[in-house]
Structures are given as C-alpha cells and as structure tokens.
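Q: Pasting a structure below so you can have a look.
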C-alpha cells in the first residue's frame, strides 16, 4: 500500500479514536444569567462519564475556593449572596477523569448583576455654598449609582419636583438638578431617590439649599434621624433664621402639633426647647415615626424638615451547622450577621478571646479565616453581634479531620454455620470514623442478617454456607480512608438438605419414593430404619438415602427414621410418618348449567378417596363459607351446591374443591343465568304441522316421566339411607338438615318442586312459568332512614359526617346489624360525583375482602350510604394497638405469617376491585376494616377532616393522601390501578411497621419534593423479609408499567413462607 492511502486512512481513523476516548459529556452546561446583588443564584453543571470524575470551577481562569457565600453544591456552583465585585467575570465548569486524566471545560458563563447603592446629594456648582446668591445657577448631583442605570426623582422638603423646566432641569444621565436662576423660593432640603430593576434607594445625605432673602426662613440646623434603645431619650435639633425671626413648630406623623402646653396623648414626655430642639424621654414603640420641623418666615413658603425616630432592634442569629475541615487547607467560616438597627457590629471569639485582624487564625469582615488550619484548631468558636438593642451570639463547632488509624484489622476467620459470626474493623480518628462493609465487592446493607455496631464490628446473626467469601471494611473520615479485607470460611453443620417432611402420603398400590439427603463438613452416610426397630420389608429398598417402595401396601404405613452420620460430627435423625392413601377422584363432576332467572340451579359434585375428602365451593373469586351463605345458597353433605332464586350476577365459573390430608383436586363448570323466553299463544305461519307437534310433546313428556321415575327411585333409596345415618349420628330432638342425593334436594322427605322445575330449565325444556321474586337494584338498595339508630360518630370525611349505627332488617336473618354510614353533606359538585362513584363501586363489587353496600337513604338530605362494618374497626388502629406497650391494651403480637395474611387479603380485594375496572384512589390501612377473625375488608372511610387529618395534605384545592400517592397521581392527577398498586406498597409498609406514618421524619413539602425528584422511598421495616421488601420496591417503581398487577401481588404473597429471609 502506498504512502498516500496510508495518510488518508490515518486521517479518517484519528477523529474516530479521539471521539471514542472523549468519555466525559456535559449533560447541562452553565449559562449566563441575570442575578441580583446579595441574592441567591446557582450555576448548574451536570456531567456524565463512565469513570469517576472530579468537578471544580474556574473564575477568570483561577480555581474557585469554597466559602460560606460561594460553594460547590454537587457539581453545580451555589451562591448564597451574589457580590458584584467578587462574582464579576467568566465562570467555567471543569470535569477531570480520575482514571485517564482527561479534562473537559464548559463554555464561559457570567452574571449580569443588578444592583443599586445609595449616596449623598452634593453641590456641583458653584464650588461652595458661600457662593450661592440669588439669580445664580445652582447644580446639585445625586450620588446614587446602580446597574442597570437608575431613573431619578428629585424632592424639595419631601415634595417631588414637577416637570416644570422653566425653574429647573433634570439630567438623568448626569444625575444632576439645575436651578436657573436660583431664588429664595428654591431654598429648602433637597433629596433624591432612584430605582431600577434591582429596587429603589434614596439619598443617604441630603443638601440644604439656602438662597439669601432675609425675610425667607433659612435652615440653620436640620434634624437628623435618630436610633435609640427602648426607654432611652431622643433629641432632635432644628433651627431656622430670618428677619424678622421665623416661627418654628414640631408635628408628629398624625399632624398633631407638639408644644409644651398641648402634647398628643402618646407624647406626654416631649419637651420643646426655646432653641427649637425637641426632647423625647423614655421612648416607647408608639413614639417611633416621622417628626417634622416646620419653619415659616415673613415671606416665602414654609420649610418642612423631616427626621425619623427608630427604636433600636436586633434579630436572632441563625445557628451554625458543625463544620469539619481537613488539616492543611485554607478555610473560612462566615458569620450570618443578624439584621438590626443600627447595623450590628460583628466580631469572632475563641475561648473568650476576640480574634485578631491578622495572623494564621484571624477575622476579616464577617469571616473567620484559617490561613492553614491545624488539628489544634479544633474547638468552639463564637460569633458575636451587638448594637443598641442588645447582643446576640452563636457557637460553631469546628472539627479538624484526621485520617483513621487501625486498632484492629479484620482477620481471616472460620465461622460455624447457624451461629453468630463476627468480623472486627476497629479504627480511631477525628471525627469518629464511618465504617462500611462489602461482601464480594457488594455493599452490605443492614437487615435481619447483618448488623454493623458503632465500633465498626460486623455481626452475621446466623451464618449461612454461602457467607463463606471475601469481606472488606472501609473506615473513612473527610480527611481520608483506610481499608482491609478478610476471608471467611464457613464450617458447615451436619444437616438434612432439605429436612424430610414429617408427614408424607403414598398412593396405595403405586410405586413410591421417599428421599432423604444430608450435608456436613464431611460427606455423611444416609440410611433409613423403621421407628420400631424392625427391618424394612423385602420389596422396600434403601438406595443411598432414597426409600423406594415397588408397590405400596397398607402395611407400609407407619413411622420411619432417616439417619445421617459422619465421623467428626456424629449423627442426626429425622422422623417421618408415612400414610398410605387412596388419592382423590371425582365420582360426579359439575357440568355446564343454564338456568332461568329466578329459578333454582343445581351444581352436582361428589368425590371419593381415603381419607374421605371434604368438599368446598369457590364462586365469583371467593370461597363459599357454608356458615355465611344466606338463605339462597346451600351446600349438601355429598358436596353438591344449590342456588335458589338465581339472578344474572350469579352467572360465572364455580369450582368444586375436594381435599383431604394427602391431596387436593378441583374441577369447575360455568353457570349461565338467562331470561325465560316468552311463549307465543297463536301459531305462526312457520309453525310445525300438528302431528309433528304431538310427536315432539310425546317424546318430551315420555323423557320427563322416565327421568322423574328414575329420580324418585333414587330419592326413595337415599331417603332410607340418610334416615338410617341420622338415627345413628344425630342427638335426640335435633332437626334433620336438608341433604342432597346425587344433586336432588329433599325437604321433609319430599322432592322439591323447585328442583323438579330446575331440571327442565337446565335442559331448556318448557315448563310452567315462575314468578321472578327479585326486585330491581334501585328498590333493593333503598333503605328507610327511620330504621337507622346512630351509635357514635367516627369522624368527618370530605363528603360529611361518618358514623356507626344499628340498622334494623338491613340483612336477611338479622334483627339488627352494626353498619357504617357515610353522609353526603357537601354541595360541591365534584364531591357529589365522587360520592356517587363510591356508591357505584361498592354496589357492584361482591368479594369477601371488600365491604358490601347494604343500602341507600335518598328520600331526604343528607343522603346516606350504608356500608358493611366489622367489629375491630379500621386496620390502622388495630396495627397500632398490636404495638402498644400498655399490656392492658396490647393484643397478641403479629407474626410475619399473620402480617403476610393481612396484606394478602387486601391484595385479593384490590384484585377484584381492579378486575371490575374501578380505581380506589385512597388505599391505606386507615381505609381497611378488620374483624376479630383477622378478616380484612377494603373500605373507604376517608376520615380526612379530623381523625386522620395529619395523613392528608392540602394540594391544588383538595385534601390528598400525599404519602400514599404515586408521582403521576400527585403531579399529573393520573389515577389508575397502577397508582393503587403504589399505595398498596405503602400499606404493606404500614402493616410491617405496626401503623407508623410513612416518611414520618419529613414534612409534607419535603415528601412532595422527593416525589417530584423521584426519590420517595421508604426504608425496609425491621423484621420484614427481603423478598417482601423487594415486592414493596416493585410497587414503587417510577414507571407505572414496571409495577406488578394485583393478581401477581396476590400470587406472590400466597407463595411467601412465613419465615422467609431472602
């Protein structure tokens, strides 16, 4: 290849290689901006790089040192108070790669600093006051300066000068006032004020112009502003001259004249002297204000001079944060001087001695300066501020940090499995070092397995086999860090892996195996023996710990022992009881059934097995409890389910679950409730011929008669059988229960007419019409207000009052029922819509873990929503009581298994709610109810006005549960099932902390800021398994799409073992 192609190739590759090495990228560069003198400002700089980078700032090419006023905040530069002199110039953000040394600089950024500064009014022309004569030109200059250039306004004796250019001209550019020609009428006190984008300032010293005219009053001595302490005296001096002598009068703000004969009530101690001076003794706050001295000559206008009396005051000083510095650096601490009048004087002291103006440690202005800080400078320094009103002081604790030194390094260790293990990391330094531990280069966070003590020792509460690895401890202070590592070898204990289940089942007449394995420091020998010491039958073999039954017999049942042993650790035993069982099979399985509305449905289910199986039904996503089914449903002893007076909402999938101590099986079938078709009286043109109709009727009747005969035969047989059983089992005088024989119910030994009719409906045959006994939903929900007897008020919600009441006849079979009543007392349209939304939600939901809507009172205002209530009240109070230290109030402590069960029930209720396309919006422990049987129901008490007011935050004209809300719900008003999932994660955290307030150490505004920044996370509760905390964290995923569904949550909680630590 020639030289020219090589040159071209090199020219193409070099930019690519250079681009590949430029790993540092500015995500946000500083930009020039406006700033106000003495106000806060921030130059932002954000860097992205694969390696650690060091970010610092330059001002006009010189590195910027941190001070109290100007300091680095992360990678940005923060200004507590912008200074137009010290902060003028070009700032640059510089990022240096600590690994490669690469350095990247941002573009220049500067401040356009806006300011205004007061100054005096001075005579510019003529050269001196003595040269001022009538008819001469007089020019005054206002020495107020600022940026941008201010606009000026001139005053004579406190009155703004008009724009009349015949007597004077104003030059804003030169800041001049020119009087041409000057006359006695121009005499007076001249002042100026100016304003710009920063603010306004007035002249600090005014000019008294006196143009000679003996009859005009001229100022000889003008009063000055006075600042005095409370109860001290104040003196104003004021003199005029004229021929004849002028009059002089003092007035206060309310224009009331002050004389020695007549004084205002609040100036009883005022004295006016013959020379015109005004004395105020024992000054009170009410005496502060503007005093005017008015001089009037024989001719000319009156001259009004003003002076203000201020009471001295001084504010409290802001406290210091403790400061930690590194030896050898230059450090500065600025004293936050308090506001005061007059301006307080500030000085620093150390050990009661004021600091000098020069030296290694000295005071410069408000700053405490350490030219080169040393370890001996550690101590308490005091900033003092003082004026006429008193003195203030604040201490700052300064610590000079040192690099840690070793007291005891971690050592390679052998730790026994299952016992506590310790690794020591003992160091000393100033301040006390911070110690962190790493396991396999991964940071160890404290949880139920690991603890780091205050002296740096790592405790492994229960050593596991996989804890055998490399550990590293790092001890650090701001001055630096040291580290050391140690390897842990775990001495494994002799144990079964896994322990055999103490009770196991084998299927009769089938092949079966029972495994048993163990591990230890040396591989153990594993064998099986019968518990009674007898030898194993010849058809049973023991193959290295696996018990093999070629064909299980009844005699194989019994107690067996697995023995594992090795030489150094001895032996361990596990006892197993083997049961020989006939696994469950279904004799009769439920079939797809179609039933007319208002009729009776029969779902047959029979199972067999040994031990005899028990049958349960599951319908509409909940287990049907035989004791709580109500009059419409009944489960017979043989397992069949009958539903009377069926309604469309009974449609759905029904599951028959058969189980015994050895196995469980289930089968399901759908139930469809349809409207009964209307039969036409007259034949249409398409009607079948008469003989076809007769043939159809004959076949139908014949089939029905045959079926009835078969059913009656079975009923007669089963009736005798059941009567015999009842005679054997039932106590004397007990009423026989309704039973079901192969799906046919009996009442007092007679077949039910409803069941006979149901048979025809199931097969969609024609039968006699039946009256639908169900009322419309609106009629069914109406409940008379007179049947409610209020008991006690629970609190107030956004809608209105929430109270407990006794409701008469609200539930079938109960005379009185304890209910929760929510009233709608608000006129707000949105709250009325929300009230109707809750009514619709609880009216449509039907789940064991969601409260039921029992009735509505709408015949008068306020409207009432009558909801189901349970005996122990809301879950929040229950959790708090379970943690209460008062033994009289404390309930049984909650185990991890019970906490998981509580969360699982809420998840099941929310799964049902979300499957029906509803969003709760306020899911929390306070809005769930719990019974004495620990059954939890999702509700919506919403006691935001009083009881739980602290758990709500007023945001955008509404009270919201801020600490339970997802970022998109708070900031965008986007409520969804995924925002309910976020709230469920917080509810789980409440359960495991026994009802603590989420983010309890933060104010509402801080929680809102964390939500906006995406940092709102709750810590892992004490004793909470890591697996469950990871589930909480998934619920708090920033992206709603990354959060689990309630179905997944319910499944995860259902699979969680009570003692899970992973």
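Cβ atoms here come from the backbone N, Cα and C positions, even for glycine.
Feature table excerpt (Swiss-Prot):
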type	residues	note
DOMAIN	23-112	domain 'Ig-like C2-type 1'
DOMAIN	301-399	domain 'Ig-like C2-type 4'
DOMAIN	495-578	domain 'Ig-like C2-type 6'
CARBOHYD	98	N-linked glycosylation site
CARBOHYD	108	N-linked glycosylation site
CARBOHYD	176	N-linked glycosylation site
CARBOHYD	206	N-linked glycosylation site
CARBOHYD	260	N-linked glycosylation site
CARBOHYD	275	N-linked glycosylation site
CARBOHYD	397	N-linked glycosylation site
CARBOHYD	455	N-linked glycosylation site
CARBOHYD	559	N-linked glycosylation site
CARBOHYD	638	N-linked glycosylation site
Q: Please report the DSSP secondary structure of residue 108 (N-linked glycosylation site), reduced to three states.
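A: DSSP assigns residue 108 (N-linked glycosylation site) to coil.
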Q: Can you give me the average pLDDT across the domain 'Ig-like C2-type 1' (23-112), rounded to a whole number?
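A: Here the mean pLDDT over the domain 'Ig-like C2-type 1' (23-112) amounts to 92.
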Q: Between C-alpha atoms, which of these glycosylation sites comes nearest to residue 638 (N-linked glycosylation site): 98, 108, 176, 275?
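A: For residue 638 (N-linked glycosylation site), the closest Cα among 98, 108, 176, 275 is found at 98.
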Q: Three states by DSSP: which one describes residue 98 (N-linked glycosylation site)?
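A: DSSP assigns residue 98 (N-linked glycosylation site) to coil.
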Q: Check the Cα-Cα distances from residue 260 (N-linked glycosylation site) to the glycosylation sites 176, 275, 397, 559 and tell me which is shortest.
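A: For residue 260 (N-linked glycosylation site), the closest Cα among 176, 275, 397, 559 is found at 275.
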Q: I want to verify one value. Collapsing DSSP to three states, which class is residue 275 (N-linked glycosylation site)?
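A: Going by the DSSP assignment, residue 275 (N-linked glycosylation site) belongs to neither helix nor strand, so it counts as coil.
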Q: By CA-CA distance, flag whichever of 98, 176, 275 among the glycosylation sites is nearest to residue 455 (N-linked glycosylation site).
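A: For residue 455 (N-linked glycosylation site), the closest Cα among 98, 176, 275 is found at 98.
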Q: Restricting to the same chain and to sequence separations of six or more, state which residues have a Cβ under 8 Å from that of residue 98 (N-linked glycosylation site).
A: 51, 52, 53, 54
Q: To the nearest whole angstrom, state the Cα distance for the pair residue 275 (N-linked glycosylation site) and residue 206 (N-linked glycosylation site).
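A: That separation, Cα to Cα, works out to 23 Å.
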Q: In whole Å, note down how far the CA of residue 397 (N-linked glycosylation site) lies from the CA of residue 176 (N-linked glycosylation site).
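A: Between the Cα atoms of residue 176 (N-linked glycosylation site) and residue 397 (N-linked glycosylation site), the distance comes to 52 Å.
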Q: Using a Cβ-Cβ cut-off under 8 angstroms and a sequence gap of six or more, which residues of the chain neighbour residue 397 (N-linked glycosylation site)?
A: 320, 322, 323, 379, 380
Q: Can you tell me the CA-to-CA distance separating residue 206 (N-linked glycosylation site) and residue 559 (N-linked glycosylation site), as a whole number of Å?
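A: Per the Cα atoms, residue 206 (N-linked glycosylation site) and residue 559 (N-linked glycosylation site) stand 111 Å apart.
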Q: For the glycosylation sites listed here, 455, 559, which shows the highest count of neighbouring CB atoms within 10 A?
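A: Per the Cβ count, the most surrounded site is 455.
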Q: Using a 10 angstroms cut-off on Cβ to Cβ distances, just flag whichever of 176, 206, 275, 638 is the loneliest among these glycosylation sites.
A: 275
Q: Under 8 Å Cβ to Cβ from residue 108 (N-linked glycosylation site), same chain, six or more residues apart: give me those in sequence order, or none if nothing qualifies.
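A: Those within reach of residue 108 (N-linked glycosylation site), by Cβ under 8 Å and sequence separation of 6 or more, are 32, 90, 91, 92.
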